[in-house]
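Quick look at what TrEMBL annotates:
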- 143-185: region 'Disordered' (REGION)
- 144-166: compositional bias 'Low complexity' (COMPBIAS)
- 171-182: compositional bias 'Acidic residues' (COMPBIAS)
- 185-237: domain 'PHD-type' (DOMAIN)
Amino acid sequence: MEGAPMPKNVEEIYKDYRSRRAGIVKALTVDVETFYERCDPEKDNLCLYGYPDETWEVELPAEEVPPELPEPALGINFPRDGLDRRDWLSLVAVHSDVWLLAVASFYAARFDKNERKRLFSMINELPTVLEVLSGRRQVKEKSVVSNGNKVKSSGKSGKVSKSASVLTPKEDDDTGEEDNEEHGDTFCGSCSGPYTPDEFWIACDICEKWYHGKCVKITPAKAEHIKEYRCPACPSNKRPRP
């Protein structure tokens with residue numbers, strides 16, 4: 001639970017925001033099956049918490065009034081079985097975005113307007129939890145590898161014959177800056193980290209989200225043998241509910 005010291009400046013609040021957000025993103029993507037199971041509609045009102053150590057927890061709200069920090073949306077477990085899973089996760093994502101901003105606002109309430117403006121400008125540069133979940137922030141054109149040869153795939157991440165869609169590390173430092181601009185809106189669907197040219201990436205051929213290879217435990221060698229990659233968060237990769 002909570003216990004981290006209160007952030008004292010803009011940079012510390014931003015770090016707290018990013019860490020809590022990373023925990024929530026993990027719950028709704030990488031750990032989605034565990035998150036789903038813990039949101040039993042038969043239980044009491046539950047909340048999704050993201051913590052400064054990038055972990056998450058589904059728990060009852062704090063008993064003290066007023067609470068130490070603003071509380072997340074109450075009762076996220078109740079509509080679980082009444083909505084399509086994707087719609088339910090999107091609803092939780094929206095409420096989580098609101099909560100993350102509320103916590104940041106709580107910490108920044110005593111700052112002057114210039115510091116608050118700087119903080120929320122920094123926050124606004126990150127994709128929201130909903131944007132990460134829905135894959136909205138994607139570039140229109142991405143480099144992919146098909147059978148070891150670089151080609152271009154316009155529009156979507158591309159159904160590339162005989163190979164999954166990947167972004168490979170750049171060996172030439174001179175092209176790094178240009179590549180960063182080309183893929184500037186690409187964020188990892190797992191850790192939400194932005195694109196960097198020195199890391200291996202792979203795209204889901206179902207939902208079209210991009211991931212660090214290390215986040216989904218896929219190596220370049222392994223990707224060569226994947227005809228259609230399905231990410232951990234993709235609904236089509238889930239077992240049907242009884």
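Heads up, the Cβ atoms here are built off N, Cα and C, so glycines get one too.
Summarising model confidence by region, the domain 'PHD-type' (185-237) averages a pLDDT of 81. Sorting the domain 'PHD-type' (185-237) by DSSP state (H, G, I as helix; E, B as strand; all else coil) yields 7 helix, 8 strand, 38 coil.
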